[in-house]
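A.B. asks: The structure is given below, and queries will be raised subsequently.
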């Protein structure tokens with residue numbers, strides 16, 4: 001008896017997910033495989049991927065467009081949260097996984113499948129993200145993960161696919177594992193596994209090397225409404241157009257490269273290369289606008305929330321009650337995060353050079369050291385005495 005009758009497979013057209021189709025049918029006795037490819041702005045020829053799944057043995061090959069949903073339902077909340085895993089990674093790949101899982105569950109329910117499947121291995125984070133998201137959305141569905149169990153080396157996996165007539169795109173001269181969507185691009189494996197070796201330029205695709213960036217900086221004004229980016233340089237833009245334009249501009253100036261040693265949930269460290277031009281600029285600009293419009297206490301408290309929020313996304317807990325509760329807090333903080341931030345993009349750096357908001361808490365008459373100073377300097381002495389009183393009493397007791 002097979003492990004399932006009908007399975008919906010998250011399909012990318014790569015080695016592992018392509019091999020999953022014959023493996024599910026011939027090794028695990030699955031009667032029918034429905035391949036689901038999701039358009040996340042990766043720029044792939046989805047018609048070719050759709051046809052490849054059918055050649056590999058899928059009974060159906062479906063494509064779902066989800067670029068808009070990825071940005072509005074996943075990236076925008078992350079921007080409001082200034083979400084950076086370990087203070088560096090803006091979660092471009094991790095944010096896409098709960099969306100793919102949601103679509104897997106929806107299609108499985110539509111076609112009457114009793115299981116869903118993915119091509120994640122047993123060493124990565126994505127297996128956790130898929131399994132937990134699917135369980136949260138439909139705990140009755142089985143989750144199959146052939147690549148986690150089949151025990152084949154990369155070479156054996158390729159050979160298995162070739163046995164069933166599946167063309168393999170990975171070449172020995174380019175052995176990187178790539179993930180791409182409109183939020184960013186990740187690369188790992190190959191020579192990148194040498195943590196002490198500088199990544200070759202061929203690893204990058206969205207950003208220019210510093211030597212090839214323009215000598216003159218570019219300036220861009222980003223408009224936010226309640227923490228959501230809505231326009232560039234005075235022009236209102238939809239989410240997709242905004243990301244496309246900012247990815248192009250920031251990438252041209254070499255902005256958004258990340259080379260980091262990352263702590264995976266499964267307990268290992270991994271060397272990851274990310275390119276997230278627009279997402280990094282937006283998070284930085286958003287934080288600058290918050291500095292202008294939020295109170296000190298809210299900003300300082302939100303730092304801890306942002307760290308937890310980022311960890312939840314990274315660790316596959318997007319659909320958890322805690323993430324939803326934190327979202328409620330974050331949304332409440334964003335009511336006044338409306339305004340415009342001016343960023344300078346130059347030689348790999350994005351620097352804020354101006355910010356304005358109708359809800360600005362910055363008061364020049366209180367901040368100035370020149371004429372027009374309205375700060376009551378006489379109040380400082382009493383404030384300092386009361387503020388330091390506990391320390392003063394402690395010192396009297398312990399130091400005489």
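Keep in mind that glycine also has a Cβ here, set from the backbone N, Cα and C atoms.
Fair warning: this is a prediction, and the values are worked out from it, not measured in the lab.
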A.B. asks: Per Swiss-Prot, what member of 57, 112, 119, 122 joins 10, 11, 12, 13, 14, 15, 16, 17, 18 in binding ATP at one site?
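C.D. replies: According to Swiss-Prot, the candidate sharing the ATP site with 10, 11, 12, 13, 14, 15, 16, 17, 18 is 119.
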A.B. asks: Can you match one of 198, 262, 288 to the L-citrulline site that Swiss-Prot gives for 89, 125, 129, 177, 186, 274?
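C.D. replies: Among the candidates, Swiss-Prot records only 262 at this L-citrulline site.
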A.B. asks: Using the structure shown, find which entry in 89, 274 (the binding-site residues) has the sparsest Cβ neighbourhood within 10 Å.
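C.D. replies: Each of the binding-site residues 89, 274 was scored by Cβ atoms within 10 Å; lowest is 89.
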A.B. asks: Cβ within 8 Å of the ATP site's Cβ centroid: which residues qualify beyond 10, 11, 12, 13, 14, 15, 16, 17, 18, 119?
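C.D. replies: Apart from the listed residues, the neighbours are 19, 20.
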A.B. asks: Which of the binding-site residues 125, 126, 129, 274 has its Cα nearest to the Cα of residue 12 (ATP binding site)?
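C.D. replies: With Cα distances computed to residue 12 (ATP binding site), the winner among 125, 126, 129, 274 is 126.
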A.B. asks: I want to check the contact list for residue 126 (L-aspartate binding site): same chain, sequence separation of six or more, C-beta distance under 8 angstroms. What comes out?
C.D. replies: 93, 97, 118, 120
A.B. asks: Sequence order is fine: just name those binding-site residues in 16, 89, 129, 177 with a Cα within 10 angstroms of residue 121 (L-aspartate binding site).
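C.D. replies: Checking each Cα against residue 121 (L-aspartate binding site), the hits are 16.
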A.B. asks: Would you work out the biggest C-alpha to C-alpha distance among 89, 125, 129, 177, 186, 262, 274, the residues that bind L-citrulline according to the record, and give it in angstrom as a whole number?
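C.D. replies: Answer in Å: the longest Cα-Cα distance is 19.
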